[in-house]
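Copied over from TrEMBL, here are the features:
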| type | residues | note |
| --- | --- | --- |
| BINDING | A:His181, A:Asp187, A:His317 | Zn(2+) binding site |
| DOMAIN | A:11-348 | domain 'DUF4910' |
| DOMAIN | A:61-151 | domain 'DUF2172' |
| DOMAIN | A:351-425 | domain 'UCP01524 winged helix-turn-helix' |
Amino acid sequence: MSGEQKGALMYRLAEKLFPICRSITGDGVRESLSIIQEYIPLEIHEVPSGTAVFDWTVPPEWNIRDAWVKGPDGKKIIDFKANNLHILQYSTPIHQILELEDLKKHLFTLPDQPDLIPYRTSYYQQNWGFCLAYRELQRLPEGQYEVYIDASLEEGHLTYGELYLPGESTNEVLLSAHICHPALANDNLSGISVLTFLAQWLLGQKNRYSYRFLFIPGTIGSITWLALNEPKVQNIQHGLVASLLGDAGGFTYKRSRRGDAEIDKVAEYVLKHSGQPYQVFDFFPYGYDERQFCSPGFNLPVGNLTRSSFGTYPEYHTSGDNLQFIQDKYLAESLDIYQQIITILEHNVYCQNLNPKCEPQLGKRGLYDAIGGDSDQKKLQMAMLWVLNFSDGTMSLLDIAERAKLPFNLILKTSKLLIKYELLV
Amino acid sequence: MSGEQKGALMYRLAEKLFPICRSITGDGVRESLSIIQEYIPLEIHEVPSGTAVFDWTVPPEWNIRDAWVKGPDGKKIIDFKANNLHILQYSTPIHQILELEDLKKHLFTLPDQPDLIPYRTSYYQQNWGFCLAYRELQRLPEGQYEVYIDASLEEGHLTYGELYLPGESTNEVLLSAHICHPALANDNLSGISVLTFLAQWLLGQKNRYSYRFLFIPGTIGSITWLALNEPKVQNIQHGLVASLLGDAGGFTYKRSRRGDAEIDKVAEYVLKHSGQPYQVFDFFPYGYDERQFCSPGFNLPVGNLTRSSFGTYPEYHTSGDNLQFIQDKYLAESLDIYQQIITILEHNVYCQNLNPKCEPQLGKRGLYDAIGGDSDQKKLQMAMLWVLNFSDGTMSLLDIAERAKLPFNLILKTSKLLIKYELLV
Amino acid sequence: MSGEQKGALMYRLAEKLFPICRSITGDGVRESLSIIQEYIPLEIHEVPSGTAVFDWTVPPEWNIRDAWVKGPDGKKIIDFKANNLHILQYSTPIHQILELEDLKKHLFTLPDQPDLIPYRTSYYQQNWGFCLAYRELQRLPEGQYEVYIDASLEEGHLTYGELYLPGESTNEVLLSAHICHPALANDNLSGISVLTFLAQWLLGQKNRYSYRFLFIPGTIGSITWLALNEPKVQNIQHGLVASLLGDAGGFTYKRSRRGDAEIDKVAEYVLKHSGQPYQVFDFFPYGYDERQFCSPGFNLPVGNLTRSSFGTYPEYHTSGDNLQFIQDKYLAESLDIYQQIITILEHNVYCQNLNPKCEPQLGKRGLYDAIGGDSDQKKLQMAMLWVLNFSDGTMSLLDIAERAKLPFNLILKTSKLLIKYELLV
């Protein structure tokens, strides 16, 4: 499949998910996960409200059916069905008549971006509210408003999806995306789409590592997974948190808290050689679920790879982050970068030279030019010498590639050749 | 008290000490220390001449009452009473008539700075001599000169002052100034004044660390203290040698021999954020008493914080380093920098996050905004995340402040808040 | 002897060796070594063909007496006796009439450098051939050619020269040059000449280290020596591979695989202070015999010090690398640099301050100015303070010189003075 075709499929998944009102719990999450299940065999987990997860408690489940505000003239002036960003997430049910002044305490806008609806939540403090464009707010006449929210907030479950792909080794790579945002395309759907198609790709091949995909609500989802799966954490050798992968911006890699983990080296290597603009940051303790994976008690080698950086583009957490904001080709490019990283992780082994004392005689194995003296050094022969000299068990193939300033693929091909000739293990 | 008032008091102390002829022993030291005792409860130690202190011996005590040279016309042409720099320190008594040629062997001048009297000493080799301006030397006519030095060099004591302020911990901070220079204002009195007022300030507050102030003769004083107090050395966690703190120059920090001691990080942090020009040097084995504190057998975490650097200004060790060379405001500024350093040392603890697995739920404690989704990150919330994530026992609050690029005071305030909420110890 | 006279002698040795047809085995090597024996008492080793040396086998011995090609007109158009580069090294004997087309399969030229004869070998794959200028090749008319090679390739020996100079310690310095190239002046004879005269110089003095000189065929020679002398390897503390030392280029130092070995620091120090242009590279696994000495199973602290770098000048491995390409003065300069490096290695000890607690009293030993207070710090006194403060057993004299930014010779002289005064061991 061409990158273009792949991009179109990835975009199509985002389109299907966009209208659903997701939150950190509820039927919107279930519906979204069941759509993803059309692509990959996701396992769905339900964790009861009230479950203690470290310092937190799984919250009540929230479901919303309808919500609107009618103006003094009886016409709907805010309608959840038009855009699910209009509702303050976790709003409690209400049906009441209010004066404009009282209503305004429950309205959220962006005066600096007067045409955009903000995305707002109140998960852990009971409240109700509506989000709307500042320009709409300004137009509201004095008078009485009818407010209606048909929602429920009650004991239920936190729902998340998990896909575990066993590989040759129980050592695993963790790939995580948040699924708790409603109609936000880049900040949610792009990550979901990239990980869904990445999982499809891995399903089609034999892997050295095992892979664990998590489609979870942000923060409470990763905390819940970590709390309920602590014994599995020790298997996580590498990880990436995926989000913001459909916009036109260059790539942004945020290192794991360790800063020098293999995933950090590999991600930077791939970006450096991608020909794309990119930036790299040291770990900072806010952003996405890497906050939890990299908390000091876990300190996992998990980075965060996005295009535009968290919170830095004007459409971030507004109705501007819609399906027009993301594009096929950017999704496909992002998937390609994730695949490249996985490919290097899969092959980045630590070899051992079986003839560590002096060079082995490559010529008698047909691995070296018969006629000596020519000063034009051949790339493959050079690569053999690099791999042999530095494969002492302390340097990975990527480390050797970086030291030799040779492409990883050449070093990899060379190592395979040397393994075939029993010069390397 | 304003910085201006404080500066005036600091300058006044220097003024009182300036006329006294100090040396490495003798009544000039005693008189100086008794003036300092008017400000802080200094304990006076007397160590007998002849006491062995490592490779050295406490020298005989030197006292001088009068000294002059009369010219061929019987008039005093050099008079110790006019400026106590005129006498070569540790000159032996003499009363003799000499030809100019013979006298000249005992005269010290600065041909390159013809109007200044140099400061010269001969502690460990018996000699006598006078220091004078080169221009005066040139004016001396041939003829016979009467030389008179009324001094004594005999068994006595080395005198030094010590102030120990017990804190919550027996771990201590060492603060040392030399008190052996006669009429030199910056190179002696400025350091004495800063440490005197620093001690006053510490006396007025409860401290975590214990503090030890030493007012000692240079070199032999620190060697004597170290030799006689070796068991106490292990308590020294941080230290600064104070001198050259009243001139108009920017600050100069010379690192401890270790180079990465906490005092080195704190001093550099304070200077970096002081808005003042400053320079930082690695340790070098000449200068002031840090030479002894940082000798390889002790290797204490002791730096040297001055304004102009040792030996680099033209007035250094001459009559140009007088009361006009130092100013109230520079003394007050220097005291302020020392206080800032002490304040950070006092509060720069290594905390431990009590919920290291995932973030604690700040919201349920009222520590986090109720309405989520807003991308405008608040400074205090950010600081909480930084402190929580990096308080794993290996990073001090200052380390976290530097990593987070946030002010130390914000990090400190945050740590106190988190401790109050039992999230940190 | 002046550098000029020394350079002339060094050049003279190269001149004597130039006409001899050396290879990795054979009488050319023996004849060359016996000429070197006129200068230094080299021991000659003979290792039988067929001896297993790690992954390699000592090859048959090759000797050549005559070789030529006669054109259709019966005239010699290629004559080994005119230039021994004409023969493909390790050519098997032949006497045959061939068409030009068949002959061409055995002719080697350099189309990009049409006037130069290339240097080519076929040690490990039986073949025969001639090397000639591309312009000559183009002139060859169609017709029948008579080819004659009077050579033998049979069981014999690999020959190398070794000189071991015992010093005070069994710790040794390895110095190695390859001797397997025929008429190539810079890439062979310059290294031989520098090491020969370096050995002469060391023979004339008492040394702390033992020295081992190897005059060996490239690759197979170092592999053979390492395989047969493995127990001696542990004594090698430092080493240099010598070659390309007679051309006009600046110096090139290639670090040992360790990268921070003492030899690396010393070589860089000498080059930095040489006033000569130079470059330094990290280890890479091709070049000369450092490939073997630095193979991961040995990882010896052996660098490679040349003038122009391996393979980078147009005359490399061609008839352009002849006696006109090297000069007396460059040979003498190279020897001087090697001698400087050896001199520092000989004296670069780790001292221990015998009075580590505070400074010793230098004045009472006459090591410090009697008159104090003068701010003009004397270099020797400074050097004493540096050596005393940093001689804690972890820093060599060179480390101290670098830290103090003082000349090594001053630090060395100072350490000797302090040792004499029993302040240092």
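Every residue gets a Cβ built from N, Cα and C, even glycine.
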A:His181, A:His317 as binding-site residues, winner by CB count within 10 A: A:His181
Cross-chain proximity of binding-site residues to B (CB under 8 Å), evaluated over A:His181, A:Asp187, A:His317: A:His317
Local confidence of the domain 'DUF4910' (A:11-348) - pLDDT mean: 96
Surrounding CB atoms that lie within 10 Å of the CB of A:Asp187 (Zn(2+) binding site), all protein chains: 29
Within the domain 'DUF2172' (A:61-151), residues counted as helix, strand or coil by DSSP: 14 helix, 38 strand, 39 coil
Coarse DSSP state, helix versus strand versus coil, of A:Asp187 (Zn(2+) binding site): helix
Helix, strand and coil residues within the domain 'UCP01524 winged helix-turn-helix' (A:351-425) as assigned by DSSP: 36 helix, 10 strand, 29 coil
